[in-house]
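Right, one structure below, let's go through it.
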Amino acid sequence: MHLSLKLCLHIAQYGGFIVGQLTNSCLLFLILTRAERLFGSYRHVMSVFAFYSLLYTWIEFIAQPVMHIKGSMFIVMLDGPFQFSISSGNDITCLYCACFALCISLLAAQFYYRYIAVCKPDSLESIRGWKLSLIFVPCLICFVAWFACVYYGMHNTVEKQQFMREVMFENYEVDITQESFIGSYYWGYDEDGNRIWRFRDIIGSSGCTCLLIICFSTILFCAFNIYFKLKSAQAIMSAKTRELNRQLFITLTFQTLLPFFMMYCPVGTFITLPFFEMEVGQLGNYVGAAAGTYPAIEPLIAIFCIKDFRRTVLCQRRKRRTDVKFNPSRSSGTRTSSEIPTSSFH
């Protein structure tokens, strides 16, 4: 049955909400109680992302979007447990999409702080104290820009309703004229079969795609530079510090690959496929399922890859020893003000 996939989608969204509340609450507690000695100011960046992830799970729970691709159009339909007027629901769907953008940009902000701390420690003074809030300004810009792209470029229209009405009823048993949604309809056809371009929709989707590329490129740039900076200091590391460095790299790898497969790649593909009129139909709901479960999974990386966090969660006793804190700049004779020793990520 067609509805079975929709049921699986909502089960994943409900599961992501429940587990996300637990994992992000646990991570936030660990940050507030265990992270001051380990991370310095970076704990504030982590706290913001963990707290927002808690809010984002609620946004996912309220929206529970259903997604579908037909021909040259994709649609994101509000299908949550609460009832809204069509116009209010359209606005909420736009906010849901913008909140996704805020989530991915906050993740990029975390990587940027790590990049500054490890690769350019002398620049940490420029984001110390109240100035730390400045790294979140691009995140807010990303939020507003994504909302504008969706609100003005993907708004609900009668033409889109007519185009998607039959397929949405067939697959989800809904009358799309009575539902709230956003969608991009890249082109239609006139009576002679000539293609009619819809440039507003194309510009809106292109803007979202550009924001996706910028955010993920930031993560890749920071991750690779952090890795090569630490790699260059391997020769002067002790065996113990080298092992801590290896564990840090594993953490960075997971925190780079997970959002790629669960956030960036699915959303980018979902936006792009209608350009080629590739109809994946209900499989487009993988995007909603992945976005709904990602905030529940991401905290587990920090919880189990950071040794002090892992020991607390698993109720393991701390060994009485002096932790080795590796600082590549200091080890090479360069003064640094970095607040994130790499051993903090083991």
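Yeah, the Cβs are placed from backbone N, Cα and C, and that goes for glycine too.
Those TrEMBL annotations? Automatic predictions, nothing curated.
For reference, TrEMBL has these:
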- 328-346: compositional bias 'Polar residues' (COMPBIAS)
- 325-346: region 'Disordered' (REGION)
- 12-32: transmembrane segment (TRANSMEM)
- 44-63: transmembrane segment (TRANSMEM)
- 92-113: transmembrane segment (TRANSMEM)
- 134-154: transmembrane segment (TRANSMEM)
- 202-228: transmembrane segment (TRANSMEM)
- 248-271: transmembrane segment (TRANSMEM)
- 283-306: transmembrane segment (TRANSMEM)
Check your understanding: Given pairs 6 or more apart, does the transmembrane segment (92-113) have at least three Cβ pairs under 8 Å with the transmembrane segment (12-32)?
Key -> no
Point to revise | Contact check, the transmembrane segment (283-306) vs the transmembrane segment (134-154), 3+ Cβ pairs under 8 Å, seq sep 6+ | key: no
